[in-house]
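Q: Here it is: the structure, laid out below.
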Amino acid sequence: MTNLDRHLSKFAYREEFAGNTEVLATAAYKEDCADASTGLTPKLPLEVEFGKMSKRPDWIKVKAPNSSEYYNTKDLIKNLKLNTVCEEAACPNIGECWSKKHATVMILGSVCTRACRFCNVKTGRPDLLDPHEPQRLAEAVQKLGLKHVVITSVDRDDLEDGGATHFAECISEIRKSSPNTTIEILTPDFLRKDGAAEIIANAKPDVFNHNVETVPSLYNTIRPGARYYNSLSLLHNIKKLSPEVFTKSGMMVGLGEEISEVVQVMDDLREAKVDFLTIGQYLQPTKNHAEVAKYVTPEEFKYLERVARTKGFLMVSASPLTRSSYHADEDFEKLKENYRHRHCEERRSIDVAIS
């Protein structure tokens, strides 16, 4: 049994046995998250508050979109009847990304079966699957001339495979019409969906992304329908099934977590062989969502990035406005270059050792 397997089994037992209740989940995390350098258990965050909107600092503010390319992208997406997480999740980077003809398409409908406290996507009974969506998505990719496309989705707990087959069909259609386009998918956790990881791995995306979103001690409040261990396990399984696929995960800060907890998540993700980590500021979409506990400064983000780089990630992106698919095309090129560089360094080390 690997270190990760032992770590996952502890979370699996506690979360399932406890029904993910706050007291036991917190107790479990306190045991697992003792600071390795001091032996001390970090102070756990206060209860997350709802019902109040806090003022955003200057470093969070962005310009309103007004370019012609922005509106061209908006019209194309509308005409092809596609959903985007850019709109549904009220992403602050929508103006910049759409002006560059970059959009993260959201498949499987616009209604989610989960009710995460950070997310602005609608929750409720989802619509029937649209069998023509993969073809429309492929058409949009071709018309936009995308070199790199990011596909995400709502959670579909109502589907037998959680929507994994639909993801695979989207990848297949894009490969047919845009064979040179690289494909990044940002999936749900496929909780209790046996075989979903295998379907995704066999579809061979260039990048597999699944966000852990926050630290384990906040799951019960912020991400109540999910399990931290399941997210780690999914990332690890994809890497085992398709080692050539880059894996990626992201999290938000500013929800009340301690830095030591964030560092522990970094360690867990590296144990799961994750290549690329993104860290961004949580922004409260409406007063009905979790309140921002803290606006993390740009300097603190730089610190987190430095720490993450020491853990061995191929790529780290950490800033107030960092989101999973922000600058995804540029980051993918850097990711490949970093991989080649590390591979060459390892090869040289082996050659030196042999000689």
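Backbone N, Cα and C define each Cβ position, glycine as well.
Bear in mind that the values here come from a model prediction, so they are computed numbers and not experimental data.
Pasting the relevant annotations from Swiss-Prot:
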BINDING   C86, C91, C97, S325  [4Fe-4S] cluster 1 binding site
BINDING   C112, C116, C119  [4Fe-4S] cluster 2 binding site
DOMAIN    7-55  domain 'RPE1 insert'
DOMAIN    98-314  domain 'Radical SAM core'
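Tell me about the setting of these features in this model.
A: A sphere of 10 angstroms centred on the C-beta of S325 ([4Fe-4S] cluster 1 binding site) encloses 28 other C-beta atoms.
For the recorded site, C112 ([4Fe-4S] cluster 2 binding site), the DSSP three-state label reads strand. All protein chains considered, the CB of C112 ([4Fe-4S] cluster 2 binding site) has 23 other CB atoms within 10 Å.
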Q: Are there any residues at least 6 positions away along the chain from C116 ([4Fe-4S] cluster 2 binding site) with a Cβ closer than 8 Å to its Cβ? List them or say none.
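A: Counting only residues 6 or more apart in sequence, the Cβ neighbours of C116 ([4Fe-4S] cluster 2 binding site) under 8 Å are E213, I222, R223, P224, G225, A226.
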Q: Within the same chain, and leaving aside C112, C116, C119, name every residue whose CB is within 8 angstroms of the centroid of the CB atoms belonging to the recorded [4Fe-4S] cluster 2 site, in sequence order.
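A: Other same-chain residues with Cβ inside the cutoff are R114, A115, F118, N120, V121, T123, V154, D155.
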Q: Just to verify a number: CA distance, C112 ([4Fe-4S] cluster 2 binding site) to S325 ([4Fe-4S] cluster 1 binding site), in angstrom, no decimals.
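A: Given the Cα positions, C112 ([4Fe-4S] cluster 2 binding site) is 19 Å from S325 ([4Fe-4S] cluster 1 binding site).
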